[in-house]
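Q: If you scroll down you'll find the structure; I have some questions about it.
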Amino acid sequence: MVQCWYMDDRKEDPQEDHLLEEVDTVTLCNKTGVEVWYFHPDQIRADSECPSLIKLKKDRGYTYEDEIKVDPTMENYENKLKTFFAEHLHSDEEIRLVLEGSGFFDVRDCDDKWMRIHVFPGDLIILPAGIYHRFIPDKQNFIRARRLFVGEPIWTPINRPDGDKHPSRKVYVDHLYRNGEQTAGNNIIEAMS
């Protein structure tokens, strides 16, 4: 199941933990709007998905999915890592279900501080549209994940600072804060059925 923490400010080796202060998933969700789900790895095989995952996909309108494998055998691996690790946002939410391996999703919290989410097999995270984030595999240098989309996949990163002016960023910030108060709720769900 995911582990999360605030990151230190060191710049060297982004594949290190960079642990500053551990936080629980409730804090992560409340400060970012990220949703965290967990499915037992046996329940997420494409030939035998659990009812909870099927329901999640139906309820959220996920109609397209594919898989991505990130490891050193990937074409242009070093350049891909630079692209993944550049701070960016998307106009649509980003959904990843980890099938094998592990990696780090870094997200900016409501105070613009980096929080690191360490994902493992069975973890599904939903990053809201408009949230600044980045990705890097951990020291294992291997992750295989299912990517879910509403309709045809759109994966257009909008790097910072250009994202500051994007409509999805305004919607995200308005949702996270209403009338000056944080409103993101506890979005942690363990799907064991």
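Backbone N, Cα and C define each Cβ position, glycine as well.
Per TrEMBL, the feature Fe(2+) binding site maps to His88, His90, Glu94, His133. As annotated by TrEMBL, Ni(2+) binding site applies to His88, His90, Glu94, His133.
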Q: Tell me the Cβ neighbour count for His133 (Fe(2+) binding site), meaning other Cβ atoms within 10 Å of its Cβ, over all protein chains shown.
A: 23
Q: Write out, in the order they occur in the sequence, the residues of the chain not among His88, His90, Glu94, His133 that have a C-beta within 8 Å of the mean position of the C-beta atoms of the recorded Ni(2+) site.
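A: My list of surrounding residues reads Leu89, Leu127, Ile131, Tyr132, Arg134, Pro157.
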Q: With every protein chain in view, what's the tally of Cβ atoms within 10 Å of the Cβ of Glu94 (Fe(2+) binding site), excluding that atom itself?
A: 21
